[in-house]
Amino acid sequence: MAIGTKAGAVKLYGAPGVELTGLHKETATVTQLHFLPGQGWLLSLLDDNTLHLWEVCQKEGCSHLEETRSFGLPGRPGCSPGITRVTVVLPTSACAVACLGTEGGAVYFLTLPTLVLLEDKTLFPDEILQSVPDDYRCGKALGPVESIQEHPRDGGRLLIGYSRGLVVLWEQNTRVVQHLFLGNQQLESLAWEQSGKSIVSSHSDGGYMVWAVSGAGQRTQQPVMSTIPYGPFPCKAISKILWRTCESGNPFIIFSGGMPRASYGDRHCVSVLQGQTLATLDFTSRVIDFFTVQSSEATEGGFENPRALVVLVEEELVAIDLQTPGWPTIPAPYLAPLHSSAITCSCHVSNVPLKLWERIVSVGEQQSPRLSSAAWPIDGGKNLAQEPTQRGLLLTGHEDGTVRFWDASGVSLKPLYKLGTASIFQTDCEHNDSLNQVGEEEWPPFRKVGCFDPYSDDPRLGVQKIALCKYTAKMVVAGTAGQVLVMELSDEKSEHAVSVATVDLLQDREGFTWKGHDRLAPRNGPLPFAPGFQPSVLVQCVPPAAVTAVTLHSEWNLVAFGTSHGFGLFDYYRRNPVLARCTLHPNDSLAMEGPLSRVKSLKKSLRQSFRRIRKSRVSGKKRLNASSPSSKVQEANAQLAEQVGPPEVEMTPVQRRIEPRSADDSLSGVVRCLYFADTFLRDAAHHGPTMWAGTNSGSVFAYALEVPSQEKFSERAVEAVLGKEIQLMHRAPVVAIAVLDGRGNPLPEPYEVSRDLAKAPDMQGSHSMLISSEEQFKVFTLPKVSAKTKFKLTAHEGCRVRKVALVSLASAGSEERLENCLACLTNLGDIHIFTVPGLRPQVHYGCIRKEDISGIASCVFTKHGQGFYLISPSEFERFSLSARNVTEPLCRLEVARLQDTSCLSNSSMVTPKLPQANGTHVPCSPEGQRSPSDSDRSPEEHLAAFSPGPIDSPNSSMENPLDTTGDITVEEVKDFLASSEEAERNLRNVSEDEARPAGILIK
């Protein structure tokens, strides 16, 4: 199966794990794709009217997709360019010729695979009109070619349909019109019946006609059968129709469109008709294309026996089982719609224990029982990738209040389980269920298909933060209206009431009035819950602002949460609040308006802008004051710096001047991060539980916690005492906080040590604390909190920190050799790697385009050096920073070509795989390669699942692709070989832990 995208990508999918990707040199929308059966060739048509030939080539035992030829149809002298615009492409079954129908009504013929135009074979409309009776001609043009279909039993005869309604059966060898079908309704699509005795045509009035094909020289004015399935009222056009014979009885007639224009003109439907059985498959996004998968077993009568219908809509891919009564859907192993509701947050869990994994899979299967026993019908190719060594979960929070669990262990994301939170609150979501219930008398017989549903009845349900403990199966889900749900996995259904607790984060501070949305009202009394994660406690923040940070410590039974007003600590075992701290600045009134409020303080914004301008002018005048002695010293230093020193002297890098941020900036009280640690806070002799909070204004609060032993949880309450309060000099927002043990290693997760899953942290040496702000990284000693080392990222690199994570990178040579590093994603889309605790810069790579703000904001790192980010609303891309931990599709497609034309673009020249900055292998061929910097993908791109192939990269090492469109000289070959040897030397010099390409996740 091949899918083309708006950004010019071509993706091939087969059996699970079989994925190939290519990218056109031109960033243009792919409008048509056609396989050449058995040849390993694929034709693509772009909206710039160019035709491209792709080839499946074998390199190093794996298959790759490469572009080998391109062709543009030349214009006709004296005619407008649009007259040669290609509307239809048909490769013949012999794979020797491709037929091109055009806007002007002409049909051109190209040789395959060379894409050479056969000018003497061109069929112009004038030649057809000579056989058309005068009364039908009436001086009207035939219109564009709408469809070309090859005779199923005789490849020399073509069925050509024109927009006006005329259909002709054309004999290629004798250039004779064998049969005329004189239709008067605008034509949309044509299809043969398998025996070649009948054809079916679909039309713009929402109807289709069946025509009988008789002997040569015949003219047919009336069809055998004509019907408008959803008439009699005006209907929309049937854009595509298929006729598939079936050995068991009536044939299948499958078509898209045809809905009654007035009542259901906005529906996106594909209808399946067999005899008296009709199903109107109703999709939530526009139908792009569809095809059937036939049975592989040959039958005596030549029946097609379709076993599945595959429909590509704008937002998802759906397969229908045509052999099971009721025609149920077949679960897809890839291309699942991640964005069935808009993604609002994501979280990755590495090394999931087998027991928890099996429980999640089990509740997911109970939630979505499989109605079809059929296997996935797209099963071509062979997956060569090894089984994943560890189980990885990707959790996505959505706008409708759901959390979806995805198997992220392999190349493709597979849906495991969906958790809903809307049922806990009083909302209007119940009306969605009525869409699935179809009345007996309803016409058309709609059946809702697919799971893409972008609409949310209440934006307050949106999930903002997720935390999961993989050892105790406890989970925290926090939302837009200040709701924090503590949940636990249960294998059985239950009915119980959810405890509700309220935490006032303002602490009765006067002068603040919340102007934002109201809190969600919880349902009263016992509520039924299906097997899966079930809520036990609902903690409601007041004011009900969106939760900006959350963390869970299941060993201490504590959950910490923060909003734009402050942070709180809650004991979910005793179900009572432990701590609430307001972080608002006295002038921070904007925080009281909420993200959903329309009452933004414009006056305050203008006032602050003028204040900053005035302040910068004053500070500039102060700096220009020549009478001050300090300025004279600065001038002398500047003059010394301008003098040219000896070449062996190494100058210190120039740092940018960073202006401190104002203390009364809007939203300065937003809590950016929360962290639990067992470390030294009060003194160097005693360690204990602590909680850390970082805010938007560069403040860090550290609390010492008195947590009772597990035996006394029910007797004693947890207590929190403020231990330290740190204010960063430039007031830059605190992005992350982490504590390192005496050996400089990150502290293990809860239960990891007690269950012998991690080494115990070093409690003998002094601990240190790593604070990552938007501008710099700084390590402090504990418990004195004195600065140990720092790296000013903004001053050195001119960028700001957006995402950070401590990652464990394993050597490619030895799994035992591990190195803990700090990975940082900046606002420019670059990833920087630093050592910890030394903060020495190691390497940095371009990963995400700096213009892709949503992609940068959605990035999430894994513990072992991989990462995910959204390259479109529907698609995650995976990258890897580890040379050992790489997830990429490795597959092989077997082809049986008539002649050996493998890799037409100079296959004798072998180029090495070059590492891409965004972590994707680019198998380059001299003519098929493309500079990733030229392949910026549009964010509107849908249904994409990239596998190895050239995609956009800000720092590509392939800026000068070899041009082989003309004759190749000996000098060019020598230059190319020299550049290949240099590239190989560069690759050998790369450290073994350098980031290597990885597969990219699907939508």
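A Cβ is built for glycine as well, from the same backbone N, Cα and C atoms used for every other residue.
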Practice task
Kindly point out the range from 428-448, 617-637 that TrEMBL annotates with region 'Disordered'.
Solution key: 617-637
Practice task
State the residues, same chain only, that lie 6 or more residues beyond the ends of the repeat 'WD' (393-407) and have a CB under 8 A from a CB inside it; answer 'none' if no residue qualifies.
Solution key: 336, 338, 340-349, 352, 357, 360, 364, 413-422, 429, 453, 455-459, 461-466, 468, 470, 477, 479, 533, 868, 876
Handout entry: For the domain 'Lethal giant larvae homologue 2' (227-328), residues assigned helix / strand / coil by DSSP
Key = 4 helix, 56 strand, 42 coil
Practice task
Helix, strand, coil: count each for the residues of the repeat 'WD' (393-407), based on DSSP.
Solution key: 0 helix, 12 strand, 3 coil
